[in-house]
Amino acid sequence: MAITKQHLIPLFAISFLFFFQHHCSTTSAQAPAQSPAPPGPPDVTKILQKAGQYSVFVRLLKSTQVSDRLIGELKDTDDGKTIFAPTDKAFSALKSGALNSLNDEQRVELVLFHVIPSYIPLSQFQTVSNPMRTQAGDSGDGEFPLNVTTSGNTVVLKTGLTKTSVSDTIYTDGQLAVYRVDQVLQPLQVFAARSSALAPAPGMSRKAADVDGKSKASSLAIQNLALFVVSVIAFALSL
């Protein structure tokens, strides 16, 4: 039977469809599967929000933008971070108005004083050199010293104004460690300077100081008057 033009068109169409389907299937089978994107660095604020009872510290991390800074640094360095997170109860134990009276710079320093620029497992604190360096600044006396001592599994932190211990591990993954502390770590640079500026004279109120000053002035006036009278009498007797 002779193959006519009408027979060739359907055969050509079927052949083309078969080739196209086979080519697409082969290409799809050969295409490599895409690997999932690597996970980003841990978000400290989300970790603390999930743990609960850290709302004040979370608010400070966000308002000072330290939380964003930590995410960037965890992404760009292999040193990791260690964070001491005070509970809400720890902040409520501060003197009334102590936190609200800090300026923006002091708030940043306070938050960074709770951040160590390296990952420290709980078992490795005994190898840390004192004073321990925080991200707040110089660890010298009178500024931002933080000393650590260990006794068995107990880790004690001392700032010169605060003494507390690590009471729990909130999070650890080999890059970031977050530990609970039950007192706010108060840096000398921030809180000691404020205490010195605001404290009254030892053993004397301002009112008592004013009374004492007036009393001394009155005594001096009486002494001067007595000297004047004695001088007048002596002059009169010499005539």
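Along the chain as shown, the residues are counted starting at 1.
Every residue gets a Cβ built from N, Cα and C, even glycine.
Feature annotation from TrEMBL assigns signal peptide to 1-29.
Summarising model confidence by region, the domain 'FAS1' (41-185) averages a pLDDT of 94. Per TrEMBL, domain 'FAS1' is recorded for 41-185.
Sorting the domain 'FAS1' (41-185) by DSSP state (H, G, I as helix; E, B as strand; all else coil) yields 48 helix, 34 strand, 63 coil.
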